[in-house]
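Chemist: The structure under discussion is supplied below as structure tokens; questions concerning it will follow.
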Amino acid sequence: MRTMRSLAGGLRLTLVGGFLSYRALITFLTPALFFVMMIATPLFQIITFSLLGRYSKAETADFYVVGTAIQASAMAGIYGASQAVANERAFGTLAQMLISPAARFWIMLGRLIPTCVNGIVVAVFGVFAGWALLGLRLGAGDLAPIGLAAVCASASCAGLGLVIGALGLRFSDMYFITNAVHLVLLIATGAVIPLALLPEWVRALSRLLPMSHSIAMAQDVVAGRSFSALHSVGAELLLAACYFGVALAALARSERQSRRHSTLELV
Amino acid sequence: MTAPATPGAAGHLRALLVCSAFQLRLLLQYKFYVVAVFVQPLAFALIQFVMVGHRQETSALAAVSVQTGLIGMWTATLFGSGGGLSRERRFGTLEPVAVTPSPLAVGILAINLATAVMGIISMAVTLALGAVFFDMPFVPRRPALFAAALVVAVLANACLGFLMSNAFVLYRNALVLTNLLEYPVWVLTGLMVPVSFLPQWCRPFSEVLSMTWAARALNHSMTGEGAPVTEILWCAVTGAACLLVALLFLRTVHDAVRRRATLSLV
């Protein structure tokens, strides 16, 4: 009974706290900026890289459209999740969060879920935009696995965003890290460049990066190739769990260091 | 008592150069711009070298360094112009800049010029990457024309940034416009794929953008082919047209923000 009550409290904290922090801490939530960051920029990114892909003749156009559509959710995951944590310090509310008795696990889960949902919306929009504007060939049977890929990619990407956010509690110039990570995800996840064209060490790195397993699955789906949903989804969710664990550890360390050096509120 | 003499053209030019140098030093303190002019062009150069390299066309591959250098120049100009004015607003210095004896255009153009100059760093970085890792030439076949094209490209970019700055003066949420314009200009100016690869309806837009001519002039000076002089002239003409339109707009925008008293609202 006590466990159930604790679980219900944790879930409530996750949902209510997550919703409030999403609205309060993410700076791109004005309607105009949200439209640009979550709709227009991903759409332009999909168009740009599918044009480059078609020009290179390295793969079919569908390969790039679906890959960049899934990858476009990185914007929501990386920037959203990192802001949802690191902006606590920028907005002067970090101390209140850290002195609350709430378990860090539920707090961080609350930061992960809304940005993850945001990422799914962006990826799904990207896929349909690719279908409507760029001639992406989609069968009815393709929708479920591509949707699954979008969910997993968004979850693991938001996990990485949380890690950056937790680090951002210690370092002032978080956007330096988010921009650099966004570029790494663009190059090494197989969305923009087929992994076969990259060196072996980049391919090895891509297996540890969020999104690459989901992107590969979505690309296999549209190409009509066989794929193992269990393997791809499992690998991606395992990565999401690992990033989430690292984010919790980084938050705990940032908290300890900030208390020890009295740098908690330094922006 | 006599009124202080208003600065003449030489005074305005001096103010422009001094302010640009100051803005450049300021910009280099921000890690965001370090990513924009160093890391992002490198990332896009890598993407293009791998992807365009798959076509096995030497001429297309040779253009990658220049194109991705210009990508960095555009990003720096775009985000620097928007960010520069937002920063002045946040620091509370935009109103003092607007009431100095030098025209407001000088203060704003100084920010645009500084951001465009940062693009030279991008160009050096991507040319070095191409030379070291992809066996591309580092020294242009026509160095004097390349230098002239680069100077005109910087000035034309600054003028384009100046034109956009009108919107940033009028509209506080510059981040919306800057994020919106990054990819479309890369595509329209042929920095990602050749303009000839774009749909027919896109091409008139490409022809009126100075970056298109800058890319052509720099590429041709690099390879020693084509007619870079004509392209440099077209780049200068399209840049000058931006400057003229921007100066016309600025008067209206300046009057509007004074009338509404919104210049310093963050």
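Cβ from N, Cα, C; glycine included.
Annotations in TrEMBL come from automatic prediction, not curation.
Okay, so TrEMBL annotates it like this:
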- A:23-254: domain 'ABC transmembrane type-2' (DOMAIN)
- A:33-52: transmembrane segment (TRANSMEM)
- A:116-134: transmembrane segment (TRANSMEM)
- A:146-169: transmembrane segment (TRANSMEM)
- A:176-198: transmembrane segment (TRANSMEM)
- A:233-252: transmembrane segment (TRANSMEM)
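Are these features on the surface or tucked inside, and what touches them?
Modeler: Sequence-distant neighbours of the transmembrane segment (A:33-52) (same chain, 6+ residues past either end, Cβ-Cβ under 8 Å): 27, 61, 64-65, 67-69, 71-73, 75-76, 79, 118, 121-122, 125-126, 129-130, 133-134, 191-192.
Counting residues 6+ beyond its ends, the transmembrane segment (A:116-134) has Cβ neighbours under 8 Å at 38-39, 42-43, 46-47, 50, 61, 65-66, 68-70, 72-77, 80-81, 146-147, 149-151, 153-155, 157-158 in the same chain.
Away from its own ends, the transmembrane segment (A:176-198) comes close to residues 49, 52-53, 58-59, 63-64, 67-68, 70-71, 74-75, 78-79, 82, 157, 160-161, 164, 167-168, 205-206, 209-212, 215-216, 219 of its chain (Cβ-Cβ under 8 Å, at least six residues beyond either end).
For the transmembrane segment (A:233-252), the list of distant contacts is 85, 104-105, 108-109, 112, 148-149, 152-153, 155-156, 158-160, 162-163, 165-167, 169, 207-211, 213-214, 217: same-chain residues at least six beyond its ends, Cβ to Cβ under 8 Å.
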